[in-house]
Amino acid sequence: VSNQNASECYLKAVKESHFISSDKVVRLMDEVESIFEKHFANNDRKKAMKFLRPQQRKASHMVTFFVGLFTGCFVSLFTVYALLAHLMGIFYGGRRKDYMNTVYPIFRCELCSMFALLSLHLFMHGCNLFMWKSKRINYNFIFESSPKTALTYRDAFLMCTTFMTIVVGALVIHLLLGASGYPQGPLAFSMLVCPFNIFYRPTRYRFIRIIRNIVCCPFFKVALVDFFMADQLTSQIPLLRHLETIACNLLARNFRTHHYETCSDVKLFQELTYVISFFPYYWRAMQYVSAMVAAGAKLTYERNKDDHVWFAMVLVTSGVATVYQLYWDFYRDWGLLRSTSTNLWLRDNLILKNKSIYYMSMALNAVLRVAWLETTMKIDKDSEKKLLDFLLASLEVIRRGHWNFYRLENEHLNNVGKYRAVKEVPLPFGEIDSDG
């Protein structure tokens, strides 16, 4: 608590105290456990002990080893892929056209875009986990996660590097075999719902429950972790649209015929694009109602590039949505811009000692919020537009990861300052260091 290494002295004093060996204290502890078990756990002792005596997860350096291993494999496989592609000349002449018309649509949607955006989000989450832990923000307590099964930053980095290693490995295998291949989406989905206790099953199943709560929010109680995840989904609209493309191509068997225009030319597919773009905002409708209007205007303008009326609509609706979202980010979610604060236009309590970081973070968030201006640019080449869309989607994921830190910092300070009622209160002593 005082940022001093007093653990040994503290434990020594505790062990020498009378209450550590007193039979009376032991009996009182048993009575407290019995009362809690009866009134708060429905006479389920196992459930009661999860709250009263939570077990800290013991980290293993094997996770660190695999992070390094997969990182090395990713770099090596990416180098091999680049060399093979150059030697085989697939990016030059006639082979470049064939590759872009057959292989690229598969791996752009399935691997290079969808999995890359997912991996980037996991990487940003790992960075947040590391910062939250180093700044003593009790994220497990806020998200109501079990310390025994919650992801650590090493786990997030491992998942990130594993995904990208598999992606590049699939590209190398595809290049060597010269086959059209199939996307890995069904495999990824099967891993998500795998019933065996492998691949972080508690985390996978909790993720599924959270998504269920978000989609069926009128019928399920929504907690902080649910609308926190809903905010993440609003930054992954490109990924959801990639999933739509993949599902359509799978149903139409386009990965065999290479007739990818089948999906893009179908009217129903185009209408579903609107729906998918709206869904994440609908789930956060009270906050993002202006963004829903802006998203519709953008999609319509993309199909009517020469219509100046829709160009003006995009500027007006996106501008209004951006201003409102910045207000919500800074004032509501981050708790900043308080005119009466002792820290100029920030808030009274700050975890980061350097105040200038907050001002720079607000400026960075504002810059990344106006990335929608890309839709007003007239780019003729489809490949360049797709590359720019992927770049902007990546910047939005980075912005969301950056936003997450300050959002949880504000929630942590509110929990401490407003004495919110909770089921369990963690002791004010540092949690067991898993790095030792």
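Every residue, even glycine, has its Cβ placed from backbone N, Cα and C.
Residues annotated as domain 'EXS' in TrEMBL: 247-436.
Here TrEMBL flags 63-93 (among others) as transmembrane segment.
Outside the transmembrane segment (113-132), and at least 6 residues removed from its termini, the chain residues within Cβ reach (under 8 Å) are 139, 151-157, 159-161, 163-164, 166-167, 184-185, 188, 232, 235-236, 238-239, 242-243, 246, 390, 393-394, 397-398, 400-402, 404-405, 408. Feature annotation from TrEMBL assigns transmembrane segment to 113-132 (among others).
According to TrEMBL, the transmembrane segment annotation covers 153-176 (among others).
What TrEMBL lists as transmembrane segment is 182-199 (among others).
The transmembrane segment annotation in TrEMBL covers 308-327 (among others).
If you look up TrEMBL, you'll see 356-373 (among others) marked as transmembrane segment. Note on the transmembrane segment (356-373): residues 294, 298, 314, 318, 322, 325-326, 329-330, 334, 336, 346, 350, 392, 395-396, 398-399, 402-403, 406 of its chain, located 6 or more positions outside it, place their CB under 8 angstroms from a CB of the stretch.
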Mean of the pLDDT scores, which run from 0 to 100, over the domain 'EXS' (247-436): 76
